[in-house]
Amino acid sequence: MPYLHRSLRPQPQPVPGDARTIHSSGQSFEQLRQGCLQSGTLFEDADFPASNVSLFYSERPQVPFVWKRPGEIVEKPEFILGGATRTDICQGELGDCWLLAAIASLTLNQKALTRVVPQDQGFGSGYAGIFHFQFWQHSEWLDVVIDDRLPTFKDRLVFLHSADHNEFWSALLEKAYAKLNGSYEALKGGSAIEAMEDFTGGVAENFQIREAPEDFFEILEKALKRGSLLGCSIDTLNASESEARTSLGLIKGHAYTVTGLDQVNFHGQRIKLIRVRNPWGQVEWNGPWSDSSPEWRSVDLEEQKRLGHTALDDGEFWMAFKDFKIHFDKVEICNLTPDALEDSALHRWEVTIHQGSWVRGSTAGGCRNFLDTFWTNPQIKLSLTERDEGQEGCTFLAALMQKDRRRLKRFGANMLTIGYAIYQCPDKDGHLSRDFFRYHASLARSKTFINLREVSERFQLPPGDYILIPSTFEPHQEADFCLRIFSEKRAVTRDLDENIDIDLPELPKPTPQEEETEEEQQFRALFQRVAGEDMEVSAEELEYVLNAVLQKKTALKFKRLSLLSCRNIISLMDTSGNGKLEFEEFRVFWDKLKHWMDLFLQFDVDKSGTMSSYELRTALKAAGFQLGGHLLQLIVLRYADEDLQLDFDDYLNCLVRLENASRVFQSLSVKNKDFIHLNINEFISLTMNI
């Protein structure tokens with residue numbers, strides 16, 4: 001696959017209405033639907049076929065599933081029946097309670113729900129077996145188109161379904177989300193906050209309940225009023241505890257939805273209550289304030305009605321907030337915008353987005369524990385210029401998300417352990433070196449490195465310039481990431497890898513023969529013996545000359561220069577264009593080669609005859625090539641071996657091609673030093689010659 005440059009520059013916050021359709025046909029939902037209506041056919045989605053490939057990638061169904069359209073399951077199917085509510089969500093035979101908890105939370109915010117579940121579809125007029133749903137993914141909204149064939153067994157939906165068997169919006173939403181992530185199996189296991197963010201483009205904040213602030217009830221209450229999506233769960237100590245039921249009816253390792261908070265009068269006291277929903281649609285808390293507990297007998301009937309108290313086993317229940325804090329461990333809040341939950345006033349936050357990659361051998365440096373490679377990670381400069389209203393510092397929230405890991409599960413990819421550190425920026429600009437991190441500690445960091453899709457943290461720092469370094473915990477781990485910076489006042493962010501600066505010295509003029517050094521005279525004799533009277537060598541002859549000379553350099557450990565390197569050298573130095581190298585051209589190159597050899601020996605730290613690819617950035621800069629992260633990634637992919645090492649031949653080949661490309665660009669960019677204009681013939685000619 002050809003390389004496509006992915007910019008790390010800040011991206012604008014996307015407009016939710018501008019969703020991009022990702023169907024392989026290139027057509028929008030409406031175009032596809034109209035095509036089906038005109039042809040009188042029901043839509044069949046070739047991108048997500050009604051077969052096992054869309055169900056599982058590592059197993060097979062234990063019973064034969066039959067894909068059926070809603071009209072083949074019930075007589076009168078409805079898309080949404082009586083409004084989309086949290087009771088429309090009942091878990092099936094798939095371990096995606098985290099997704100169902102997020103959908104239940106989504107139903108509490110009508111505006112967000114309408115965006116994810118467009119209302120321009122149904123089983124009435126205009127029905128063509130096609131539906132669409134919108135999800136946020138890494139800075140943009142995607143419109144996911146599906147057909148309405150659903151997996152069934154004995155005419156019952158196998159996976160997510162509504163309590164009313166005629167209603168299908170929730171089952172179709174689950175299918176669209178499965179398509180987005182590659183299969184239904186990809187939805188097994190997760191955190192509710194992941195789907196909440198995909199439903200809103202919001203930003204997550206996580207609370208360990210035992211460490212929560214004193215006003216935690218008010219924080220949650222305010223979050224619900226602002227339309228935030230809330231989930232909660234109970235931790236497990238080991239895998240055997242997953243979905244184990246406690247004596248009070250709670251399920252460990254299971255995702256619940258927080259659907260309400262309130263207070264009631266009880267024996268002259270105001271009791272704080274929290275309403276929680278189990279996406280199974282059954283199995284509830286059976287302690288104080290549960291559906292049939294005696295506490296409700298002391299509550300006025302009007303008050304019970306206001307709270308929606310029922311004794312149905314529908315998976316939703318009230319419990320005292322003090323009991324909630326004892327029995328639950330974690331609360332996840334997805335803020336539609338990261339409004340400060342501790343303040344009563346709403347704020348409009350500024351948002352910048354950076355897309356980047358950790359690439360093994362060049363930008364996958366790991367955390368600060370790995371000093372030798374940590375500095376090679378992407379570095380984002382953050383300039384905080386304005387203090388918050390009435391505050392001494394500047395508030396911002398940094399959210400680091402690893403991309404597409406769920407979609408890549410079928411290929412063995414798991415969530416990586418990620419986090420970030422923030423440093424005071426020194427006066428000088430440019431990518432910070434290893435020595436900086438050797439002598440400077442971070443000012444702030446994510447609380448922990450953790451294997452979640454996103455790590456987010458709120459900070460308040462004095463005005464100034466800072467460097468934020470996102471990384472995996474271990475080095476050499478590859479992933480794409482999305483970094484979002486939310487700030488109360490305008491903040492300027494810039495990627496430090498973007499600056500490319502190439503400093504090429506002027507080519508020296510030929511030295512008169514009578515002024516040649518003893519070494520040059522020896523070269524002339526060897527050159528003349530190989531080249532003959534015309535004093536020009538071919539690539540094969542140059543290979544012989546250079547290897548004969550370099551084999552005598554005992555400090556330089558390498559097998560031999562390749563013919564490819566010699567061809568590239570001639571391409572760089574051949575001014576006549578005859579494919580051969582004259583002696584004067586060779587002498588100029590020899591001066592370069594001596595300098596490049598000295599650099600190689602300097603960065604061959606263990607004197608093994610190879611250089612670590614992580615040292616390449618510094619070595620190239622010393623040779624006059626300050627390159628951005630994406631170029632370094634390309635170079636490492638091309639020249640480093642599987643152990644992330646470059647031998648001298650690879651190193652030399654890289655430098656020769658870099659200088660050749662740079663000099664060609666300089667010769668063509670006469671009017672504008674940043675751009676050149678080429679037609680297809682010129683472009684291909686150049687690429688074949690570099």
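Keep in mind that glycine also has a Cβ here, set from the backbone N, Cα and C atoms.
Quick look at what Swiss-Prot lists:
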- C97: active site (ACT_SITE)
- H254: active site (ACT_SITE)
- N278: active site (ACT_SITE)
- E284, D291, L312, D314, E316: Ca(2+) 2 binding site (BINDING)
- D574, S576, N578, K580, E585: Ca(2+) 3 binding site (BINDING)
- 42-337: domain 'Calpain catalytic' (DOMAIN)
- 518-552: domain 'EF-hand 1' (DOMAIN)
- 561-589: domain 'EF-hand 2' (DOMAIN)
- 591-626: domain 'EF-hand 3' (DOMAIN)
- 1-23: region 'Disordered' (REGION)
- 338-521: region 'Domain III' (REGION)
- 522-690: region 'Domain IV' (REGION)
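Recorded features from Swiss-Prot, shown on the structure.
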residue: C97; record: active site; DSSP (3 states): helix
residue: N278; record: active site; DSSP (3 states): coil
residue: D291; record: Ca(2+) 2 binding site; DSSP (3 states): coil
residue: D314; record: Ca(2+) 2 binding site; DSSP (3 states): coil
residue: D574; record: Ca(2+) 3 binding site; DSSP (3 states): coil
residue: K580; record: Ca(2+) 3 binding site; DSSP (3 states): coil
residue: E585; record: Ca(2+) 3 binding site; DSSP (3 states): helix
Sorted by sequence, non-D574, S576, N578, K580, E585 residues with Cβ within 8 Å of centre, Ca(2+) 3: E536, I570, M573, T575, G577, G579, L581, E582
Tertiary contacts of the domain 'EF-hand 1' (518-552), as residues 6+ beyond its ends and Cβ separation under 8 Å: 511, 558, 560-563, 566-567, 569-570, 578-583, 586-587, 590
Contact set, same chain, for the domain 'EF-hand 2' (561-589): CB under 8 Å, 6 or more residues outside the stretch: 507-508, 510-511, 520, 523-524, 527-528, 531, 535-540, 542-543, 545-547, 550, 648-649, 652-653, 656-657, 659-660, 663, 689-690
E284 (Ca(2+) 2 binding site): tally of other CB atoms within 10 A of its CB: 23
Other CB atoms within 10 A, centred on K580 (Ca(2+) 3 binding site): 18
Most crowded position, judged by CB atoms within 10 A, among N278, S576, N578 as recorded positions: N278
Candidate nearest S576 (Ca(2+) 3 binding site) in space, where candidates are the recorded positions C97, H254, E284 and distance is Cα-Cα: C97
Tertiary contacts of the domain 'EF-hand 3' (591-626) (same chain, 6+ residues out, Cβ under 8 Å): 361-362, 365, 372-373, 376, 430-431, 433, 499-505, 508, 553, 555-558, 632, 635-636, 639-640, 644-648, 651-652, 654-655, 658-659, 662
Cα within 10 Å of E284 (Ca(2+) 2 binding site) - qualifying recorded positions among C97, D574, K580, E585: none
Counts by DSSP class (helix H/G/I, strand E/B, coil) across the domain 'EF-hand 1' (518-552): 26 helix, 2 strand, 7 coil
Candidate recorded positions C97, H254, N278, D291, D314, pick with smallest Cα gap to N578 (Ca(2+) 3 binding site): C97
